[in-house]
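See below for the structure under consideration.
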Amino acid sequence: MMKPLILASTSPRRAELLRQIGVDFQIIPSQFAEEPPPASVTPREYVIGLASHKAGQVAASLKEGIVIGADTVVVSEGVILGKPEDPAQAVAMLTALSGKEHSVFTGVACLEVPEGNVRLFAEETKVTFRRLQTAEIQSYVATGEPLDKAGAYGIQGKGALLVEQIQGCYFNVVGLPLSRLAAVLAEMGVAIW
């Protein structure tokens, strides 16, 4: 019998991606409070650390299961961009990303309870925005879509209109690098096919 699969996230996008690949899972949101990264930590280390803390917090309350924790950040010119605090910060983030390439990092932690097996990884996707007009940025922010997303955009929504090109996994930008995650889950005994 397969262990229950648990998503330690409130992200509707991550839940939708797991549904898309047809795995059965439950959602138990992590209550882990994210802290800004220390200057000495790389984006890859930061997202893996957050994903690990989120999964670990949920795993501590379970008798058995495989817990998936994840965190996504946008990195532009060496600066880690999380979710904007307000519309003004969303405008500032999008203005900074306009016409430039940035990286999207998603860290994933898969923890098996009670065995304690852990798989940690991070995926990077490079995204280039076209040059954006101020009115476009303001109109996009007014939709509300950017306010709960790292880097202030959702590539799976109207934010797609901002993107000129991507290099790497599209689903990583949405919030879960599906191909790599599926391979890790299969290694842990989760039936994918």
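Glycine residues also receive a Cβ, built from the backbone N, Cα and C atoms like all the rest.
As recorded in TrEMBL:
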| type | residues | note |
| --- | --- | --- |
| ACT_SITE | Asp71 | active site, proton acceptor |
| SITE | Arg13 | site 'Important for substrate specificity' |
| SITE | Thr72 | site 'Important for substrate specificity' |
| SITE | Gln156 | site 'Important for substrate specificity' |
Request  = Sorry to bug you, but what's the C-alpha spacing from Asp71 (active site, proton acceptor) to Arg13 (site 'Important for substrate specificity'), rounded to the closest Å?
outcome  = 12
Query = Which residue, out of the recorded sites Thr72, Gln156, shows the minimum number of other Cβ atoms inside 10 Å of its Cβ in this structure?
reply = Gln156
Query = Once the DSSP letters are reduced so that anything not helix or strand counts as coil, what is Arg13 (site 'Important for substrate specificity')?
reply = helix
Key: Least buried by Cβ count (within 10 Å) of the recorded positions Arg13, Asp71   = Arg13
Key: Where Thr72 (site 'Important for substrate specificity') sits in the secondary structure, as DSSP reduces it to three classes   = strand
Task = For Gln156 (site 'Important for substrate specificity'), just give me the three-state DSSP call.
result = coil
